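> Straight out of TrEMBL:
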- 106-329: domain 'Radical SAM core' (DOMAIN)
- 120, 124, 127: [4Fe-4S] cluster binding site (BINDING)
- 332: N6-(pyridoxal phosphate)lysine (MOD_RES)
């Protein structure tokens, strides 16, 4: 039994769209809420010009007030280090800006990335798509139809991966339409959704969403993006329980982030809490070298030391694969300690 789950009636809580609309976009508002002195963050506030700040209140409520080193705050708050230029970092580290058709990336033989929406509920400061030309890949039916036609023409594709942006930014009726279109493509077997939205707004996991996932002929996999154990609470646990009842396979991928989770004990706590709410640790990604995120970078040597210790202090099935995405490679590159 999940020890985190409490009797929280999600369907009676505030609508996820309303919570999205009230997300904090001004660094000063975030700092005031967390009782942090504005004078200490003037240069950090300026960095919002490079990449807008956006963080929903349910995620902010998990941050510790008065703590400028809170690991959730550091993922969301603009930082002065984003102005620094670092060797090897670029605007498009995975060379994704040339797509086969609007809204899709087809770099893996039997799998295709489908960018459903071009925005997220939270703007993570380490995001490797912070410079992506979303204006050319708008999340609308016109582009979706072009992407669907591409999938129909490529019978080697067995699995579609909904990405973005965040695919759960699409409303339930939009996802229902898209999934039904995919179900009518005979060679498709699986649909995978990569999302951070339930972590920042658990109310996004609605009864209607669970129903459409449960009723699909496609095997459903949902990959959460959770980097720190403090991101997991009772509301998220209940949302994941609802997905499990809909027969959705739950996996998690994290990014190794300096000064946030680059510690084996923290990663063990994360794996333990993930497993407690029914999520299996899947990948621990080395940081993609995107311009503006250099302060999150941890060296490969240190990453392997952390990973080796993690392997020694927890069960093998709770150790995610340490991996890096490399441009033009047809699979992730795995690292072993």
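Placed from the backbone N, Cα and C atoms, the Cβ positions cover glycine too.
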> Between residue 124 ([4Fe-4S] cluster binding site) and the residue listed as 'N6-(pyridoxal phosphate)lysine', what is the CA-CA distance rounded to a whole number of Å?
22
> Can you check what DSSP calls residue 124 ([4Fe-4S] cluster binding site), collapsed to helix, strand or coil?
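DSSP call for residue 124 ([4Fe-4S] cluster binding site): coil, neither helix nor strand.
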> Give the sequence-ordered list of residues that share a chain with residue 120 ([4Fe-4S] cluster binding site), lie 6 or more positions from it, and have CB atoms under 8 Å from its CB.
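In sequence order, the residues whose Cβ lies under 8 Å from that of residue 120 ([4Fe-4S] cluster binding site) (at least 6 apart) are 54, 127, 164, 165, 166, 169, 196, 197.
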> Ranked by the number of other Cβ atoms within 10 Å of their own Cβ, which of the binding-site residues 124, 127 ranks first?
124
> Around the Cβ of residue 332 (N6-(pyridoxal phosphate)lysine), how many other Cβ atoms lie within 10 Å? Please give the count over every shown protein chain.
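Taking every protein chain into account, the count is 15.
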> Taking DSSP as the reference, which of helix, strand or coil describes the residue listed as 'N6-(pyridoxal phosphate)lysine'?
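Where the residue listed as 'N6-(pyridoxal phosphate)lysine' sits, the three-state DSSP reduction gives coil.
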> Restricting to the domain 'Radical SAM core' (106-329), report the mean pLDDT as a whole number.
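On average, pLDDT over the domain 'Radical SAM core' (106-329) sits at 94.
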